[in-house]
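Right, one structure below, let's go through it.
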Amino acid sequence: MTEPLPIVEMRDISIEFPGVKALDGVDFRLFQGEVHALMGENGAGKSTLIKALTGVYKIDGGSIIVAGQERQFHGTRDAQSAGVSTVYQEVNLVTNLSIGENVMLGHEIRGTFGVNWRATHAAATDALAKLGLEYLDTHKPLSTLSIAMQQLVAISRAMAVKAKVLILDEPTSSLDAAEVEGLFAVMRTLRDQGVAILFVSHFLDQIYAISDRLTILRNGRYEGEYLTRDLDRHALISKMIGKDLGALSSLGGNRRVEQRDYDAEAPLLAAKGLGRQGSIEPTDLDIHTGEVVGFAGLLGSGRTELARLLYGADRAGEGELTLHGKRVDLKNPADGLGKRIAFSTENRRDEGIVADLTVRENMILAIQAERGWARPIPRKEQDELVEKYITALNVRPADPNRLIKNLSGGNQQKVLLGRWLATKPELLILDEPTRGIDVGAKAEIQEAVAQLAEDGVSVVFISSELEEVVRLSERIVVLKDHQKIGEIVNGPGVTAQQIVDVIAAHGVAAAAESDIIDAEADVEPSNDPDTAHTPASAEEES
Amino acid sequence: MSTAARTTWLRELIRKPFFWGVIAIFALLALNVIKDPNYLALSVNPVNGNLVGNVVDILRASAPILMIAVGMSLVIATGGIDLSVGSVMAVSGAVAMVFMKDAGQSGSVGVALGAIGLALLVSAILGAINGVLVAYIGLQPFISTLIMMLAGRGIAKVITEGQNTSATNDPFRWIANGFVIGLPVVFLFAIIIVIIVGLVVRRSALGLMIEAIGINPKASRMAGIKPTGLLLTVYILSAVLAGVAGIMSVGTVMTVDVSRTGYQMELDAILAVVIGGTSLAGGKFSIGGAVVGALLIATLDKTIVFLGISSSATPAFKAIVIVVLCLLQSDRVRGWFVQRRKPPMLRTPSLPAEPKKQEVSA
């Protein structure tokens, strides 16, 4: 039991933002020569913890001990000089400088007459060689490299300052399977050199492939630290979600569904091999009139990416989309809207509301866009429309002339829902419509969705809360690692647990017996969680 | 009760972004009256019945600034900027002058209309180039219109073969110098055009969409707004209004001086927009504010001349007035005033900021 001293120890860390306790008494340890995964759902406090460790945020309580010494970080420079280096989700490099300059930026080797570029490039080559990248020409501009290679350059930049601790925040989110393997090879090399690596990823397979130990956070609290090999996927997911799987099982599919004959009925929308490189593998999907289809999967599973293709928010790179049996090519959201498709984004603040406009203006924006600016909606019609949806969706305060930014999140969401309903969609895609809003508003939005389906509108419902998906959907499409891995027809016997099963056991075992239509049929059972491979993508296209 | 009501009413008024612009106009006029008590006096020319006076001069001078300020406020609302308006004025003026010089017929209304039509057409084409560069190619508005600002002067020089070009055409001259019911035609034209633009923008959904893409381009795209056509329209409109300004500007002296016509007018336009309370970050815009801003710039220019400030000190004087105005509009500075009335806590840090800003702008 002679455990070595951790290189980083964070004890009882608390960070408060106005009105929110972002971290509440979190402990975290990081040892030399290990890859340590930090796990948790969105908003669990992962990024906040990392920012505390890198000196971006000041901690309100607790202590940070690096290499046996208690430290007070007043900025990222302090953290760096203590040997903590970070590679963020978006690569923070200067693309129009050379590779060598990027690696050595701020640490150029100085000679008598300013920077000694020859020595600097030599040092850069050395740093790259440590990661097995000595073949890169340090004089070439960084922009000649792929994102994946840039990421590796970013890592060697972090290592050039002789970092003892390397933090990789979602480094794999935009990489393909082969690139992920390359990154993992570099991570293993560094680990064997004694570097402590903190790794964040939403891909469970990657966690099992690379990490030695993991710490789970939930709602800003410390949930536990485990050896990765001791914790199976079920246990991991339920600890992240915070619900006992037993409790999940007790929730039934409340939605009464008349059995559809899916083969006989022509679908409203059919996708065949619809995909886009780097965001979603080719996917087949049918959506029928008046049907609620749930997309289930963790964040980064490809659920949003797939939905964006159905609206035209992103243009599909491959495959075809048919609507009412006719082939359509959605180049932009306006095309989707023109085909009576509406998409409510998960990113309410950035892609949803226009903050400085009023509730009324926000609500009519989509129909006005569809009509064009030359045909304004008469004020009387606007008022009737806005009045109608404010009442129907119970927007509070019921004042159409208030700026939308002054409404609560739930009411903003209702206004946006009103915006999309006003376009009279045949297909309404709701991406996380209930995230971050209070319970009352949540129930009202769920009711609205059920009512819509009754009225013959097809709905795609995306939510991280599986209970919600199960409660509302007739069919559930399960996604993982940027691909569709299964489809479940909802019924009284279907529970949130079965979806967790399908996600966790993807490739290992066929999940919920007869309810699964076409899941797993052609996936060979070799994707054992213990093998070091990431079954993330390309080879498995169906 | 009534005092409270009056206070809120006053507070509302002070909140209006162009409130301080209006105050500044009156302050400048007051300054002039101190120098010459008869400054505001209007007289009627006994020969033709036209109004004569300093205020009339200010209104006449404000007409071209009004044009470009209104166009600029729309461009800025989309989150862009149009640096080429001054050069477009020169091109428009050059096209009109060369056309009329070649056509002769100094009394012909047809020639005047032809000159105006051609000048506005060329302006529209230049605006369309800006619009295409910004909306379809995706260049930054600053760069695209900077290119046009430099190229425009060159185009104007090519059109006039580098010479100051004069022409005689009475109908054209009337636009800039004529009077109707005692008021200067050029100002009436400007006001009519501003009203038309204002109506088009606010009665159609153009204004709403411009504001939407200025406030949140991503959300606007997701709501189905296609920004390309909208941006193209706005840049063309800005250039056409600059073309009108160019016609007004060369019409006064019936000569185009390609290196002076419209020179640095883009800066006046941007200032007018900012004074009117439209944020350079884009979003909400106020055409009324741009009008106030344009009137203020014209008043300021005339005041500088009237007070006899030496031409070397002119830019500094202008800068000081505008800096003070911008400081008054800034929420932070107003916050200091509010705090000053209570405990005088944050007073010291506020003081060094002012002289610093002046230096930069001057």
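Every residue, even glycine, has its Cβ placed from backbone N, Cα and C.
Look at TrEMBL and you will find B:17-34, B:55-77, B:112-139, B:174-201, B:230-250, B:270-297, B:304-330 tagged as transmembrane segment.
Counted over residue pairs separated by six or more positions, the transmembrane segment (B:17-34) shares at least 3 Cβ pairs under 8 angstroms with the transmembrane segment (B:270-297), which defines the two as touching.
Against the transmembrane segment (B:174-201), the recorded stretches B:55-77, B:112-139, B:230-250, B:270-297, B:304-330 differ in Cβ pairs under 8 Å, and the greatest number is found for B:55-77. Contact between the transmembrane segment (B:230-250) and the transmembrane segment (B:304-330) is not supported: fewer than 3 Cβ pairs lie under 8 Å, counting only residues 6 or more apart in sequence. If you count C-beta pairs under 8 angstroms between the transmembrane segment (B:55-77) and each of B:112-139, B:270-297, B:304-330, the highest count goes to B:270-297.
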